[in-house]
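Below is one structure, written out as structure tokens; the observations come after it.
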């Protein structure tokens, strides 16, 4: 999810709104990687001929994953902290000379990542010799209780006031203790972390000869998320999918996929009461689950010194005539009525803006869901989910409402005020079923969607349809169906995560190169470009057949539709209208520069530059090519391509 400040509705924002900023404050996030360095985690998978097989050890894959996440955060979240703690190492180093936590090595201290931190981690990932010096496993290993206590101290000293603090634990050992007393100590240390406001996210790794079993130890250590948890109120999979080393899909990709799903904490857009009737309210939270990602201009950077620094900005108002700084108490709001500026006091402005009451979601009726056309959507839909923070029992009532709407195939019509000073809107309350992926894991939780409905002046009139509409034939439809079937995405599902915005990625890549003092890339990596070779291999023959069928159908349609030239029709004896006069046609004057053999090279180049070359007839194109000794075989598209190639060779 995007940051809360990006999710705030922008249509009614105003600088002087007196709203509760506690719900919208910028929430800083601190992530500490704890990566196990044991002999099994350092063991590389056996070599195979499969090009997609693993090449990295689990520890190396985890470090590369942390490196990629640090690269992303240095641009997208410049105020968030990130650190890397290795445990089970032969060396003990916490950057402060403290040797209390044995076999714990703080590779990157919990702090806002700098360019030097990213470079050092990159060198460690790419340089095997340097990695071998640090990644030496201890004989006895590290106690998991020591690791959790060390993480507690790091969070307490480095990020004491952060609203989100998370420990990413990467290991393949599903029972890291020897006796039950060690397990009790570890559970106590984990509870201390949770009491501190930190969360533990486990990223388990299964070896080829051993499956990771959470129930042996980590089910008592890692608490699952629940709807009542304010940091993760949306019910997601309580456990992360186990990554398997040595498979065709690399371990690195599995780890990146798992960590990206938890890389950004879920933050509520709003927390409001949902009123089902008089004196019947429940608590809900709203989330923007799908949002267009745009360029994040989160801060200004000053590059005039020895190193770039984030600018702390401030705003002040100045009078035009005297350049005197105007205090906020001296400012007045004014609106023009009839050419005169009418001023209002701050209290009057507040009364005007809050005339519709407090923020609320109020159900005013129900309608069949079939009454809602697909185009009635004026803004981003908001997903709402129950919250027990303000009203106990909200989850049960919310679930009953959602199931009843699904069963009855109905939707709710609601009066929706998102926040104070916001204009009310009418929205449709649409139920959503739970969606699961092929592994049975939850892809989308059950809940309700708030879809903003248009007012009367938001609806535009459809343009008048064309008089003569050419319709396709059944033969063309059948041939196109074959082409579409060959171009289906895997399992017929579009996954936006596989096709990142190329413009946005290029923007981030340039910023990353500037921040890390690297060479600027030459061209972007655009995964939205069609795979032409694969398309031609799959259905090139079918496309050719479709083109031939299309030309035949169009020729037959032209013969049956367009009138033929023939003798002048005789006048109807019963027609009283006078016959139209024949207009004498003037002989066509040959244009200057055009010879008897058709268009010159310069004229054809001009037509091509205007994008009108495809409007030339086949006869004209063939004659032009024939005069220049070029082949005239093929379809019109081939002729056009041949003409353009000839002009390009001439430099026109």
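Note that Cβ sites are derived from N, Cα and C of the backbone, with glycine treated the same way.
Lifted from Swiss-Prot, the feature list:
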- 1-10: compositional bias 'Basic and acidic residues' (COMPBIAS)
- 1-22: region 'Disordered' (REGION)
- 11-21: compositional bias 'Acidic residues' (COMPBIAS)
- 38-59: region 'Disordered' (REGION)
- 44-57: compositional bias 'Basic and acidic residues' (COMPBIAS)
- 274-486: domain 'Ku' (DOMAIN)
- 565-612: region 'Disordered' (REGION)
- 603-612: compositional bias 'Polar residues' (COMPBIAS)
- 613-647: domain 'SAP' (DOMAIN)
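With a cut-off of 8 Å between Cβ atoms, the residues of this chain six or more beyond the domain 'SAP' (613-647) that come close are 547, 551, 597-599, 601, 604-605, 607.
Per-residue confidence over the domain 'SAP' (613-647) averages out at a pLDDT of 84. Helix, strand and coil counts from DSSP across the compositional bias 'Polar residues' (603-612) read 7 helix, 0 strand, 3 coil.
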